[in-house]
């Protein structure tokens, strides 16, 4: 199999296309099968190219992180390779803060929910001064 060895790693950014390649040699030509260990391949975002040598997942998210196994098999035997995938993400809004208009003495709540990988730090400032 190419890549060589039993494991390798791949890092991709959230929202990008993840491409994993596995090339097998053998006679008769081995068939290739892909699985995600401990999970399912995303049904509506997964495509196979080059006679299943390339696994393509579009619009990846952090949930797509994990171990992907390429299994090559013919009637004489099998070989496999595991690719450990990590999906990184720049900070993005889950719930962005909204403008708030209050009367004097009135209470209000500002909500800020963000995510990313690595997890972002959230800081609050009032007129440019940390609070």
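Every residue gets a Cβ built from N, Cα and C, even glycine.
Pulled from TrEMBL:
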| type | residues | note |
| --- | --- | --- |
| DOMAIN | 3-88 | domain 'Ig-like' |
| DOMAIN | 91-131 | domain 'Ig-like' |
Helix, strand and coil counts within the domain 'Ig-like' (3-88) (DSSP): 3 helix, 47 strand, 36 coil
Residues in the domain 'Ig-like' (91-131) grouped by DSSP into helix, strand and remaining coil: 0 helix, 14 strand, 27 coil
